[in-house]
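A short write-up of the structure that comes next.
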Ligand code: AVJ
Ligand code: FE
């Protein structure tokens, strides 16, 4: 097998192991029931993962006969809202598992036979990379469903690393142009393309995401507690994956809506960064003027760089990832918590929908706000310095936090 073919097969396999963990940790009742009207039953996500793989890899790339064309409509996310999915005649747990396994066998067979080389290499290899990212994104969605599930804990992981450096205050990002988005990142999705130059005036950005301790002050002043916080005479507790424990003061706050993030920033006399500001803080290297793939450089994320991939089931305290900081000293931009930015989800100049409008273009507009950087539940395959996530501004069942920013005054630049 070629290197690319082997790498794709390994990524498909690694990703399927994660889906298995998330769907085998609970019993069949828990798989088919709806844990929140905001989420699909886990068994829907599982069969939807298989159906997307059937549509893109087995039918489109492979040109094979359908495995189950009779169920396409059940797993079309545009056809049925999440709240309506439990009432559909969905595949049961056993059928769903058999279905995704059959589709996977055929997809691997397509992978063996397809010409990855040649003119259509990018398109064909890209379809496999997109399926890996799609499954990982649904795995993160299933992790958020686990977070909403009542009952005894079923998932476990070692605690995140401790803080080893003191990170506080803000960092000045000098004004001037930088390259936003990408035209060269192999697995980047349509909405991350193309690379384009944006002139960003000087601004200050928090060196770390807003912490539980900082956010608790805002709650004491009348702000809304994050989802999953529980009041206790001794302070705030949080229930996470079935375990209730005191909030970790130094860890980034999680499960906050865009609206509350924005209100917090105003209360603190600051504002949220724009999407361009966030990406400049994350990627711009003042020494070369180049935009890096990640804050720490061009290497793929390792466990020393960022809290990604469900290795831990919580954000790590601020100061736990010094090796992941940007050249300007901005920490934990990648991993831990998705960060709300004050920008609507829109196409970059020169945007072209690929492979079709339904992936991102139909979501462009003022209804959705952008989140950047990925969370502890985001896999590295679905997280880049250019990666863009989006959601409604009221949503907080996702692993969402934020950091704040402010304009730099002329006096501060002199
Ligand atoms: C990019 C996370 C907003 O889950 O709605 C999954 C990804 N698109 N299936 C979502 C996605 C189609 C998407 N987000
Ligand atoms: Fe999907």
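Cβ from N, Cα, C; glycine included.
According to TrEMBL, the protein has these features:
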{"type": "BINDING", "residues": "48, 134, 138", "note": "Fe cation binding site"}
{"type": "BINDING", "residues": "82, 83, 84, 85, 391, 395", "note": "gamma-L-glutamyl-L-cysteine binding site"}
{"type": "DOMAIN", "residues": "11-142", "note": "domain 'DinB-like'"}
{"type": "DOMAIN", "residues": "168-406", "note": "domain 'Sulfatase-modifying factor enzyme-like'"}
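Overlay of TrEMBL annotations on the structure.
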residue : record                                   : DSSP class
48      : Fe cation binding site                   : helix
82      : gamma-L-glutamyl-L-cysteine binding site : helix
134     : Fe cation binding site                   : helix
391     : gamma-L-glutamyl-L-cysteine binding site : strand
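Separating the Cα atoms of residue 391 (gamma-L-glutamyl-L-cysteine binding site) and residue 138 (Fe cation binding site) is a whole-number distance of 14 Å. Residue 48 (Fe cation binding site) is 15 Å away from residue 83 (gamma-L-glutamyl-L-cysteine binding site) when you measure Cα to Cα. Most Cβ neighbours within 10 Å, among the binding-site residues 48, 82, 134: 48 holds that distinction in the structure as shown. Of all Cβ atoms in the shown protein chains, 13 besides its own fall within 10 Å of the Cβ of residue 83 (gamma-L-glutamyl-L-cysteine binding site). If you compare Cα positions, residue 134 (Fe cation binding site) sits closest to 82 out of the binding-site residues 82, 85, 395. Cα of residue 85 (gamma-L-glutamyl-L-cysteine binding site) to Cα of residue 48 (Fe cation binding site): a span of 11 Å. Cα distances from residue 138 (Fe cation binding site) to the binding-site residues 82, 84, 395 are smallest for 82. Residues in the domain 'DinB-like' (11-142) partition by DSSP class (helix H, G, I; strand E, B; coil) as 95 helix, 0 strand, 37 coil.
A 10 Å cutoff on Cβ-Cβ distances gives residue 85 (gamma-L-glutamyl-L-cysteine binding site) a total of 21 other Cβ atoms nearby, all chains included. Between residue 48 (Fe cation binding site) and residue 82 (gamma-L-glutamyl-L-cysteine binding site), the C-alpha separation comes to 12 Å. There are 12 other CB atoms within 10 A of the CB of residue 84 (gamma-L-glutamyl-L-cysteine binding site), with all protein chains counted. Apart from the site residues 48, 134, 138, the chain places the Cβ of 45, 49, 52, 135, 137, 141 no farther than 8 Å from the centroid of the site's Cβ atoms, the recorded Fe cation location.
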